[in-house]
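Step one of this worksheet: look at the structure below.
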């Protein structure tokens, strides 16, 4: 599990013995962070496990595969007991609601399609938890994310995971340089999830065969609309489904049930050609549908840019890079034109469908897998 290793440095990149290196491990109770904690403890590091209690939404606590639910806290504690290191649970429910859940609900109300996992990493795990790690006199904080931290000529760099199928770089683009300096990602170099499970089995951890977490952690059974309705009464008020000319085709059961590019579940039949959601208008509660070709675009406005390059983002008129506009899509060629230090117009070389406000646009080097940051797609 070597990171930044060279002569005189331990596997976490420090010039001292593992026993003299304190590392806080962010433990979700899943197999990934558990394997990280176990291996580091086995290597002799001064490991401190920390689990965040993020929510208590009734059914969410019992949701199989949820992150940091009641059973997951128990699993993390068992791993710590097995490997002989201290483990703490911190109540971050109010922080999580203010920083992540409220924005998630409001984004859907505004017609966007948010990615709460990015905000959680940005505003909770890599902010408050990282500061807690420093308060515990840790030298670094390790997580179970599948991404690589590599040392460049001048500073630590963020790189895609060796296992492309597990790569989580899309969800970590907003990591700041000062955070990256303190973070470690011991699983990023592994070729497959099977290697992680083998590590957990090697140490006799009960989570070795635990299923991966699925969907959004605080949304029971994937029913995000029910969560939004609970948080924002009236969010599911009905409205009209109209075509691009404003003709009413059907009624819908709330804008929050729809996303850009959606085809299924529109309740529109008897048409010669399929229709897709091409726009959401929350002010009029209208869902606008049109032909598939209307989903294609080459221009993507991006703001709140976090830049991890070696020179200032706005020091050039344009950057030739690859970008990823959804977590499930591969990076594609683009020209990024800075408007300011935190805003840009991204021109896709080949048009893509379903570019949605609220999603992230992540910047990658054309070769080598380095992540240069990214920003949030918004309405132009």
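Glycine is no exception: its Cβ is also placed from the backbone N, Cα and C atoms.
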ATP binding, same site as 26, 27, 28, 29, 30, 31, 32, 33, 144 - Swiss-Prot member from 52, 109, 172, 180: 52
Pairwise C-alpha maximum, in angstrom, for the residues (26, 27, 28, 29, 30, 31, 32, 33, 52, 144) that bind ATP according to the record: 16
All-chain count of other Cβ atoms within 10 Å of residue 359 (site 'Interaction with tRNA'): 24
Distance from residue 32 (ATP binding site) back to residue 145 (site 'Interaction with tRNA'), taken between C-alpha atoms, in Å: 7
Cα-to-Cα gap, residue 120 (active site, nucleophile) vs residue 359 (site 'Interaction with tRNA'), nearest whole Å: 14
C-alpha spacing of residue 217 (active site, cysteine persulfide intermediate) relative to residue 359 (site 'Interaction with tRNA'), in angstrom: 18
